[in-house]
Ligand SMILES: Nc1ncnc2c1ncn2[C@@H]1O[C@H](COP(=O)(O)OP(=O)(O)OP(=O)(O)O)[C@@H](O)[C@H]1O
Ligand SMILES: [Mg+2]
């Protein structure tokens with residue numbers, strides 16, 4: 001399928017997304033762009049974990065997921081956040097259809113060997129359901145839960161990793177990672193932070209080692225590089241504003257563009 005734009009909506013910025021952001025998605029859809037949304041839900045998950053007295057734990061930006069945490073993750077992502085996004089898109093005039101990676105085995109995973117509990121490593125992203133939803137003229141809104149090959153187990157997957165896998169499977173032309181920062185930020189000598197307009201594999205590695213890139217930005221840049229390696233044309237990390245979203249789609253310099261290496265043609 002051609003002209004697919006995957007938008008990863010960070011849970012970090014969910015509360016701040018203005019109506020105009022969703023209206024921009026509706027506009028792109030009406031212009032014939034095939035939009036797919038994959039969403040996170042970090043803060044909403046943390047707030048529900050707090051209510052049930054579980055302390056959130058992260059290792060390199062990935063959530064440690066015990067059985068009780070998994071139930072909360074599933075409830076918040078497949079329930080509240082997924083339906084909130086469908087409602088907001090509907091209000092903005094877009095047609096939206098919410099599913100999770102479990103539905104139709106869109107995201108098949110196996111349990112990670114890392115000590116993270118019920119976290120999955122994606123082994124297969126199946127495009128049948130998102131493609132069918134696009135075909136019907138709706139925006140698929142995908143919650144990043146995954147399922148084992150035999151359908152028995154549910155796994156939590158970082159939303160950036162899920163978005164990267166779905167963008168790659170759909171051969172998306174763009175993966176836009178919408179988050180609560182304008183892009184990758186780098187501290188300057190004068191103590192201020194500046195946005196990195198373009199970055200590449202080597203520089204990203206150096207920024208992780210120097211602890212300039214930390215926390216949730218680590219899986220984000222890794223998922224960005226993986227998606228580029230699997231044929232996605234362009235990956236941009238930016239804010240959730242209509243200006244940024246439409247700017248990326250019209251080829252303006254917005255946020256941080258991730259490239260595989262400095263000489264790469266992307
Ligand atoms: N160099 C950096 N530049 C910008 N942000 C950074 C950097 N290093 C770490 N971060 C952190 O990464 C965060 C974004 O990742 P985070 O996982 O928190 O949000 P998200 O992926 O948008 O939401 P969710 O995980 O809920 O889907 C930023 O809010 C910031 O705190
Ligand atoms: Mg994140």
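Cβ atoms are placed via backbone N, Cα and C, with glycine included.
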Site co-member for substrate according to TrEMBL, given 41, 42, 63, out of 156, 233:
156
Running a distance check here. Ligand 1 versus the recorded positions 8, 42, 63, 156: which have CB less than 6 Å from one of its atoms?
42
Nearest-integer angstrom distance between the alpha carbons (Cα) of residue 156 (substrate binding site) and residue 220 (site 'Transition state stabilizer'):
16
In sequence order, which residues at least six apart in the same chain have a CB under 8 Å from the CB of residue 41 (substrate binding site)?
11, 14, 73, 76, 77, 80, 81, 143, 159
I want to check the contact list for residue 220 (site 'Transition state stabilizer'): same chain, sequence separation of six or more, C-beta distance under 8 angstroms. What comes out?
61, 160, 177, 179, 237
If you count Cβ atoms within 10 Å of the Cβ of residue 156 (substrate binding site), leaving out that atom itself, what do you get?
27
Give me the sequence-ordered set of same-chain residues, not including 41, 42, 63, 156, with a C-beta within 8 angstroms of the centroid of the substrate site's C-beta atoms.
11, 40, 45, 65, 73, 77, 158, 159
